[in-house]
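Asker: Take a look at what Swiss-Prot says about it:
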BINDING   Gly166, Gln167, Ser168, Ser191, Ile232  NADP(+) binding site
Amino acid sequence: MSAQILDGKAIAAELREQVRKQVEARVERGGRRPGLAVVLVGADPASTVYVGKKRQACEQLGMHSSAHELPAETTQDELLALVDELNGRDEIDGILVQLPLPDHIDEQTVIDRIHPDKDVDGFHPVNMGRLTLRLPGLRPCTPNGVMTMLAHAGIELEGKDAVIIGQSNIVGRPMAMELLNARCTITICHSRTRNLADRVRAADIVVAAVGRPGFVPGDWIKPGAVVIDVGINRLESGKLTGDVDFAAARELAGWITPVPGGVGPMTVATLMANTLAAAEARDSRA
């Protein structure tokens, strides 16, 4: 048995095209192009690549983007002042501060400063709370993108046992809430979890988000399980790989995401969808 591939690249292309058409229709109605401000502090190579991809996506979909590249020595107060300015600018619908930030800046303080209506990453406590309470809001991009992928493939979630490996605020926790809202029974695993292999082997859905290459061996996967690999790890050879042993897991899983080409493209496409949604929501409140 060989798993079916959840082709995030193809599904993301469909989502991006939907967003592009909606932006085009919005402009034809006399509306303003959605605007995304992207803030980068320092010159971390991976962050620089991600920011470039997000800006490129904006341009391809007919959105306005503004880049704010700050030196690594930027103070927290200076960054907060920029966020305040962007919060007040009418042409900006979404604000994205690329993480991680330099050690001298507290990430949560910065996230909290972004207005919830412009928090297109979905990390603000207000938006996290709305997700938890099953209320409409801007949802974290990676978990939201995963849910879009699963829906596109027609994968039934209700009643399934889901294991999420990793408890980060960016992926693990909101992913658990997304799956809980879909009526899965969820287990969140972390560095103190006992009998991790047994828990994973019992799961119908496995989400790996720990940032360690090959952390999940193929023989941990239950036959027919859905495997979502959120990890993006660069080996010394330069090759990108996920948190799951893809070749071995593919022989047992029913569905599996590749790395690259799985979850990553969905994250960027969902960010674009969130930016459009933020613009539409702001218009409805005007």
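Just so you know, glycine gets a Cβ as well, placed from its N, Cα and C.
Map these features onto the structure and tell me what's around them.
Answerer: Counted within 10 Å of its Cβ, the other Cβ atoms near Gln167 (NADP(+) binding site) come to 18, all protein chains included.
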Asker: Including all protein chains displayed, how many Cβ atoms other than that of Ser191 (NADP(+) binding site) lie within 10 Å of its Cβ?
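Answerer: Within a 10 Å radius of the Cβ of Ser191 (NADP(+) binding site) lie 8 other Cβ atoms.
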Asker: The record lists Gly166, Gln167, Ser168, Ser191, Ile232 as binding NADP(+). What's the largest Cα to Cα distance among them, in Å, rounded to a whole number?
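Answerer: Overall maximum Cα spacing for these binding residues reaches 19 Å.
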Asker: Which one, from the binding-site residues Gly166, Ile232, has the smallest tally of other C-beta atoms lying within 10 Å of its C-beta?
Answerer: Ile232
Asker: Return the count of C-beta atoms lying within 10 angstroms of the C-beta of Ser168 (NADP(+) binding site), excluding that atom itself.
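Answerer: Around the Cβ of Ser168 (NADP(+) binding site), 16 other Cβ atoms lie within 10 Å.
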